[in-house]
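Quick look at what TrEMBL lists:
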type	residues	note
BINDING	A:H112	heme b binding site
DISULFID	A:C20-A:C149	disulfide bond
DOMAIN	A:19-160	domain 'Globin'
SIGNAL	A:1-16	signal peptide
Amino acid sequence: MKIVLVLLALVAAAMADHHCGTLAGLKVKSEWGRAYGSGHDREAFAQAIWRATFAQAPESRDLFKRVHGEDTSHPEFIAHAERVLGGLDIAINTLDQPETLKEELDHLQHQHEGRKIPDNYFDAFKTSILHVVAAKLGRCWDREAWDHCIEHIEKGIQGH
Amino acid sequence: IWLPPAAVQQVSLKATIIVIMWCILLLAGLAAAAASDPYKEKRFEYIVKNQKLHLGYLEKKLHAIEEEFNELSADVDRKTIRHLKARISNLEENHCTDDQSECPGDVPECVDDLLFCDGEKDCRDGSDEDDDTCSLNITHVGSSYTGLATWTSCEDLPPDHAVVTITAAHRRDYFPSRVWLRGTLSYEIDEKDHVIHTIQLRGYYNFGKREIALGPLPGQKPGYGVICDFNLGDDDHADCKIVVPSSLFVCAHFNAARY
């Protein structure tokens, strides 16, 4: 019995290392709560993420012409940035409810399909989130867990 | 005597010539006398000497004033004034939230510290992108900050030296508002045998807060973290705390100076 438990624990640890498992999800969910903040802080948080994304993939601004992607301080872009984080908030907060998460990711996938978004834009967005969250939290955050869970969410939106 | 008019004219002409001759002679004589007058030269020298004496007197008087001036306390150097201004502004009220910092310009304005030194002006006067604000002086690799650490918790140690040293610094060009750091914290645990504890740390420098925050390396048992606030007006002095990484509970405190 003990051996089985140890084995199970090992399997669980191995799985947690390579994808967004239950514990990783809970970790990210709670850390996101601290990072996401509210009010002005949230606006700046979104601003920093998008600036870092556009700095990595400048040509991706073209996709955001409709919401004034050429100027991240434009009210329409600020609104867009907050909407994006709103969607991410739903996704992260349901990391521990797989069915609901699936619904949200399908919904987001539907909103993104047809826009011809290259994979490297998603990579740039993930890198931005990882850096800004690290800067915002300062300590006590699990890079691996974030890496895997954001990837999980992005895969769901990309549909592959 | 009657002389014919022509003769009269001749006589008066002669007289005129004689008078003129006399005048010339007289002038020549006077000139000769002046050139060779020894008294005049002495008088001239006398005047010059007096002027020199007067100058000497003024110099002496000035020197006395200078000496009196030197006895007064000297001007305060700029560094002291900067420190003083910083200490006052630390005591003054600041309406920014935890994640915001005040723009360094003349107009007090709060901007999120994620937006400092990121290449886009967020303060109305652009002071969040000033060279002074975004100076990398503090994070230069090899920079060391040391002070006498007084433990108020966590360790049963008498006050002793603690040293924070930056061992690596890296700034991502797509996210420049933080400088990611590696560093070490060393503190003496035995004054007699000089046993020193050294912990490896990693963290970042925050331009807005002018703060270095370091925590344990991943995978290492969480020992201590360090937070240093460079809020004393320059890049060489900081208010440092040794903390428990998880709660930021303060274990020790030291006023650090760069060396």
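The chain as shown is numbered from 1 upward.
From the backbone N, Cα and C atoms, a Cβ is placed for every residue, glycine too.
Note that the coordinates shown come from a computational prediction; the quantities given were computed from them, not determined experimentally.
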C-beta crowding around A:C149 (disulfide bond), within 10 angstroms: 25
DSSP-derived structure type at A:C149 (disulfide bond), helix or strand or else coil: helix
Nearest-integer angstrom distance between the alpha carbons (Cα) of A:C149 (disulfide bond) and A:H112 (heme b binding site): 19
Inter-residue Cα distance where the pair is A:H112 (heme b binding site) and A:C20 (disulfide bond), in Å: 22
Of A:C20, A:H112 (the recorded positions), the residue whose Cβ has the fewest other Cβ atoms within 10 Å: A:H112
Whole-number mean of pLDDT values that fall within the domain 'Globin' (A:19-160): 93
